[in-house]
Amino acid sequence: MKQFRYGLTLVIFLALPPARDLLESVMAFHMHMQMMLLFVAGLLMAPFFQKHFGHIFGKYNETGLPGVVLFLIILLYWMLPRAMDEALELWYVELWKFISLPFLAGVPLRDSWKKISRTFEVVLFLVLMVIFAVLAYLYIFAESTLCNNYLMIDQQTVGWGFAFLVLCIIMYILLVLFTDQSQYFGDDSESA
Amino acid sequence: MKKDFVISGVILFLGGLLLFFSTNGFTAFTMEAQRLQDLKDRPPEFPNIEVVDNKGRKYDFDEFEGKHMLMTFIYTSCATACPEMSSNMKYVYDMIDPALYEDDLVFLSVSFDTERDTVEVLDRYAGYFEADGGSWRMLRVPDEDDLEDILDMYGVTVIPEGDADYQHNTSFYLIEPDGRLGEVLDYREVGQAVETIEAAVAEDAEVSAR
């Protein structure tokens, strides 16, 4: 329950006008901090929903695949340059951002995470890596501004942010592949 | 297991619909693209503004009504895109059949930095590109609301960058004789710009000849 409270507090904090203004004033903050934190808030709130609406998750997210698909769809939507512009200009898109990222991306992913296999986890990371690599390329080398509300330099910063994420994912995958996780986390990681 | 595939399929389908509708059928991934689509669909309306050209002449913008216009938006102290855009515009200007400039076509470079781009500055700038002030004019828009109007009308975004610079759209805007936005052309593709302009003017000449 503690986690739920932290998650909810985080969403409310992010929704406060000063926090919103600050985080939306710079494109990199907007994409790599605000959206990321909203997603994290969803992760934190997941156990609460699993406890109270466990039967729904049990029924509709049995193998974890639907949750992952939902997460990827929401992720892809928010990677559209226009989605970010519209969040700044249309209030209902902004509201949609505060609902979709925590509740339709964070919550289902955490519910799925326990259910999917180790291999699927790595595949998912690889998929994310490809998506982020494409975006890094797009934002760094785009010759015109993709978001009307931000400058070129902001856009390139976001691109490098994506490149950094790709690097992190690569390092994580290498770490998982070449170290024996069971030495650190007991038997819950070494099932395959 | 099978049920989960069905559910995933449904989510994919709904997600596909979401992406489809939010990108106008996968045609507009940026707001800019959407705006251009909307602008083209807008009913014709001629900008009702007053301009001053690099020869100091003052007139209403309807002066150009009935002509195709190739328009760019610049500021003369720009050190990056504008000089390149203007010199490409000169290429286009030189490549097009001069007969067209008589009554079918006019080139306009509109400054959005009204404060610094005075008539003298614009005339000097026009000199660099051999713009004659007739078939290629450099314009300033003295009234701030008027400037806002025309930028808004053709979907040009100008964001101040630092103290003395602006970030702005760098495209050739081909405007129809009725004031509607015809095409937005890549300023780097000079050859293609010439073709598009000549085709647009020729098409109109045909229509009026009939």
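Using the three backbone atoms N, Cα and C, a Cβ is placed for every residue, glycine included.
Counting every protein chain shown, the number of other Cβ atoms lying within 10 Å of the Cβ of B:CYS78 (Cu cation binding site) is 20. Summarising the annotation, TrEMBL assigns Cu cation binding site to B:CYS78, B:CYS82, B:HIS168.
Positions annotated as disulfide bond by TrEMBL: B:CYS78-B:CYS82. DSSP assigns B:CYS82 (Cu cation binding site) to a helical segment in the three-state reduction. Non-local contacts of B:CYS82 (Cu cation binding site) by the CB criterion (under 8 A, 6+ apart in sequence, same chain) comprise B:ILE74, B:TYR75, B:THR76, B:THR170.
Residues within less than 8 Å, Cβ to Cβ, of B:HIS168 (Cu cation binding site) and separated from it by at least 6 positions along the same chain comprise B:PHE73, B:TYR75, B:ALA81, B:PHE112, B:VAL156, B:THR157, B:VAL158, B:ILE159. Neighbouring residues of the recorded Cu cation site, listed in sequence order and excluding B:CYS78, B:CYS82, B:HIS168, comprise B:PHE73, B:ILE74, B:TYR75, B:THR80, B:ALA81, B:MET85, B:TYR166, B:THR170 (Cβ within 8 Å of the Cβ centroid).
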